[in-house]
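Working notes for the structure below.
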Amino acid sequence: MTSSRPVAVIILAAGEGKRMRSTRPKVLHHIAGRSLLHHVLSAAGALAAARTAVVVGHGREQVAAMLAEQAPEVVPVVQDRQHGTGHAVRVALAALGELAPGDTVVVLPGDTPLLTSATLTALVAQHHARAAAATVLSAVIDDATGYGRVVRDGDGAVRAIVEHRDADAATATIREINTGVYAFAAGPLQTALARLTRDNAQGEEYLTDVVGLLVAAGQPVAARVVDDPGEAGGVNDRVQLAAAGRVLRDRIVEAAMRAGTTVVDPRTTWIDADVTLEPDTTIAPNTFLHGRTHVARGAVIGPECTLTDTTVGAGATVLRTTAERAEIGAGAVVGPYSHLRPGTRLGREGKIGSFVETKSADLGNQTKVPHLAYVGDAVVGERSNIGCTTVFVNYDGVAKHRTVIGSDVRIGSDTMLVAPVTVGDGAYTGAGSVIREDVPPGALAVREGRQRIIEGWVSRRRPGSPAARAAAAAGVQAPGSVGDPEHPDEMPQPSAAEAAVPIPAHQGDVAHRSELPHTGEGEAGIAGIPGAGSRT
């Protein structure tokens, strides 16, 4: 906003908010990814105030900490004793320093998250245009019970603000209410504040009394009726908190759609206030976008995604995924059922597939982790493939250690990479290997476990079982019993403990797996290495 008159903003946030029934100050409760106070500060930002003060009282340390982190330019002002809104403004003015009589002071409640920048800008513009000593933001509602009424004279000028408990029968019929939002000229405001008394039932200094004092002094007082009365609604309990959250959600989703985002089902889509969406993005149902998440053009998110402070590149697809503080490259594919923990970076056209968890993992362009894997504290180069059920073993019980995987590497299925360890460019690991030592570039690392075949074991040790019947149907003839002199190499008879173990109704077949790599590429085999391929 451009104005020839400097603007100062005072936000009243000292109340306890007892109806919230919370140890957290009311103004720090969140909707749409921001605290109530943060929403008010954001709306007031359009005024380009030279100085902004927030009056704090209950939970002052928590509120001051929030301001230091999110709005360090704002001055927190402590109201030690709750002597009313007039007293709070007087304390804030003293902290803001000297103001010229013609400067504008805007006063806002800290619990009105639905106020918009447009409304505040219009309020101040009217205040300046009419050269008013005070301009009240009012609202016209059907049921004004409990609200202070704005009383006007025959010319429409404001004569007074009358609290509900003090209203006579005629005043009680007025539907125009005071929202608690004001624009004042600094000089008349300071003069009126000095004349406030606490001669009332509450023993407090009311800011509403300033209006009456200004009128009595012959100063012009105006009112601007807000276009949407809902904007001025305060949040006093958790029911109202949820209601305000619904309004903000609808606003944000509608704005996103009008800016070029397809939201398939607005009713099941939640987008925080600080999320940014480029045009031609698609948000599928049951998706939650939190924090400072950014989604680039052409990306598809959802269904059933929760992304927090996550960046998604152009044309990426993210399905049924949870991600926190992660980066997903352009054209990448993530999900379903993936969990990208903080520090995950997936490069361009990469893949993180089903039931994969990553943490502090930098995965290069076109690198793939298709399914059932844990990748933590790792750097992986480009075009590498991490086979199914691979685990980056990063924790020794005391400290975390890093694994480094080069480019064009094939990690076989069920590999355990025990950090710290490095696998060089173009290297392979065999399926089922435990890699504890560095693997040179282009090498194959295999941890052998010799396979032993005992012919006829099922027929002798599991007679009558489905497996034995299947073996017989396949033409397998059982050799003699264990201990038969013709079969001295057979296993010995079971011990008493072994014999006591019940024989299961069905035993799965023993897979004859190659000890050479399963790369996860989905190929039938790699030239010269039979059985080296595996599913992806």
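The backbone N, Cα and C atoms fix where each Cβ goes, glycine too.
In Swiss-Prot, the acetyl-CoA site is described by N394, Y395, S413, and among A427, A431 the residue recorded at this site is A431. Among the binding-site residues listed here, namely L12, D111, G148, D111 has its C-alpha nearest to that of N394 (acetyl-CoA binding site). Here the candidates are the binding-site residues L12, K26, D111, N178, A431. The one whose C-alpha lies nearest to that of H371 (active site, proton acceptor) is A431.
Most other Cβ atoms within 10 A: among the recorded positions K26, R341, H371, that distinction falls to K26. Looking at A431 (acetyl-CoA binding site) and A14 (UDP-N-acetyl-alpha-D-glucosamine binding site), their Cα atoms lie 63 Å from each other. Long-range C-beta contacts of L12 (UDP-N-acetyl-alpha-D-glucosamine binding site), restricted to its own chain and to partners at least six residues apart, with a cutoff below 8 Å, comprise V55, T85, A88, V89, V107, L108, P109, G110.
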